[in-house]
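Worksheet for the structure shown next.
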Amino acid sequence: MRSWTRGILWLSSFTTVLSSLHPECEYIFQLARDEQRCLREITDLGNLSSSSGCLQVWDAVVCWPRAAVGETVHLLCPAVFSLFKNNTGIVSRNCTAGGWSHPFPPYHEACIVEDEIPEESYFATVKLIYTVGYGASLLSLSVAVVILLLFRRLHCARNYIHMQLFFTFILKSVAVFVKDATLFSSEDTDHCTLSTAACKASVVFCHYCVMTNFFWLLVEAVYLNSLLVSDFPRSRRCLWSFALLGWGFPLICIILWICSRLYFEDTECWDINEDSPYWWIIKGPIVVSIGVNFLLFMNIIRILVQKLDPRLIQFNNSAQYRRLTKSTLLLIPLFGTHYMVFNFLPDYFNVSLRLCIELCLGSFQGLIVAVLYCFLNQEVCF
């Protein structure tokens, strides 16, 4: 179970994604509620206890009622197991002169749990891969930003937007490392009840970095679309508009979300959202940005197909369109289109595949962007 929570928490760093309570936490909280209810009943009925028969007892899973010697009690699998699989298994216990017998069949047989979450070794491998990926992305993107800043001839609107995107990938990598250090610094950390200022700050920082990354991806898509459709104005006002969309809008969403958590749901580390409507302050814009990005890329492909029609291409601009086509097609898989795979699916749908795509593949996204749009850029020469 610990590996389950760890994997889910790693995945929640990337945020669109998890809007509901972690399965293990809900399991723990449900058991705690059942235990409290059972203990209250035992306390209320304590004055009615007698030496004959078996007393009401909590066995860490089910609250067994009073029973007479020789009686067999049959109970349905507790409601907590419905969090993992809907089943109608039955567990029984005999009341003997020596007390309650062991449950039969055992809980793990009667109440089958289909655990599709991989083993701890799988999560260790995933963590190793995304640590290498984000580390490589952080290093390459830092070098790329320095190059774009140092070479004056590279100072243009296109590279300005690329630089902002590089910054968001850098921040996203840093946020992942910070969140890992805060949430997974110890194996004994209780992720379901952890509630510290540092923990909440790391979650807020991570959400903001992820949101800015998605919105600068959207800015890139809008910019490319505009270049293909018409002569795009390159005024400072336009760049400021992009900056407000990429940095300002996510900041507004994060501030609103922080206020909602402080005043309405100041629980745990703010990384658990039990069907919270306030989570959509963050998740909603990200889901929309992914969808809009995908539509813009489809439109880019449509425009390029039309412009590359041999009957329509003019000799003097064919090379320009072919170069633009190459750059755009290389950028398509790097603009978060892989997030479309899970964008409109439930948060816990096929977690193992989701971890692979959104963590392993996503961690190298910054590295690939840096290589294609800086190191392999023909305008950059050493």
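Using the three backbone atoms N, Cα and C, a Cβ is placed for every residue, glycine included.
Taken verbatim from TrEMBL:
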SIGNAL    1-19  signal peptide
DOMAIN    37-115  domain 'G-protein coupled receptors family 2 profile 1'
DOMAIN    126-377  domain 'G-protein coupled receptors family 2 profile 2'
TRANSMEM  128-151  transmembrane segment
TRANSMEM  163-182  transmembrane segment
TRANSMEM  202-226  transmembrane segment
TRANSMEM  238-258  transmembrane segment
TRANSMEM  278-305  transmembrane segment
TRANSMEM  326-345  transmembrane segment
TRANSMEM  351-376  transmembrane segment
- Under a criterion of three or more Cβ pairs within a distance under 8 Å and sequence separation of at least 6, are the transmembrane segment (128-151) and the transmembrane segment (278-305) in contact? no
- Interface present between the transmembrane segment (278-305) and the transmembrane segment (202-226) (three or more C-beta pairs under 8 A): yes
- Note on the structure: Highest Cβ pair tally under 8 Å against the transmembrane segment (351-376), stretches 163-182, 238-258, 278-305, lands on 163-182
- Message: At a C-beta cut-off of under 8 Å, are there same-chain residues at least 6 beyond the transmembrane segment (238-258) that contact it? List them, or none.
- Response: 157, 160-161, 164, 168, 204, 207-208, 211-212, 215-216, 218-219, 222-223, 232, 278-279, 281-282, 285
